[in-house]
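Annotated Zn(2+) binding site per TrEMBL: His114, His118, His124, in sequence order.
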Amino acid sequence: MFEYNIISKPIRLNSNKKVIDNIFETIEKKVEKSQNWVINIIFESDEVIRELNKWYRTIDKTTDVLSFHYFDTYDGVDKKTVAWEIILSSSKIESQAAEYWIKDEEELYKLLIHSILHLLWYDHETDEDYEEMNKLEKEIETDVNEKFGLNIK
């Protein structure tokens, strides 16, 4: 099973550990590529996200989430090693939730699902890849929505 650490979560942003645990469990059941390393989930300001996006992706603007792998291969990497990080913009979560008429935590869960799939090497660079990733995202969202009465979309 995945292990994760939540770092610097804003007090105003609610989240439920049971829902996050279930997201990881659901992904593990649906994705053969699942791994067992530690993920740090970090909340940052738009300014920090913009700088990271500029530095690592040469895109000089903020974004809602960035995902990072720390190893090219995981052979021999200790299972307690932080191998991945997900860096989220709290303000983007709030503004996108308002735009989509959902709760902040539902937008957070959506971004977690999306970024975890990226860390498991899913992407949306081609139409075929987009369809595969989007289908899997929707399946996971549906499972979590049904279990917890949420509206992740």
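Positions of Cβ are set from backbone N, Cα and C atoms, glycine also.
Bear in mind that TrEMBL entries carry predicted annotations, made automatically and left uncurated.
A C-beta separation below 8 Å, combined with a sequence spacing of at least six in one chain, links His118 (Zn(2+) binding site) to Ser67. Under a cutoff of 8 A between CB atoms, and with a sequence separation of 6+ in the same chain, the neighbours of His114 (Zn(2+) binding site) are Val65, Glu137. Annotation for His124 (Zn(2+) binding site): same-chain Cβ neighbours under 8 Å, separated by at least 6 residues, are Tyr130, Met133, Asn134. Within 8 Å of the Cβ centroid of the Zn(2+) site, not counting the listed residues His114, His118, His124, the chain contributes Ser67, Ser115, Leu117, Tyr122, Asp123, Met133, Glu137.
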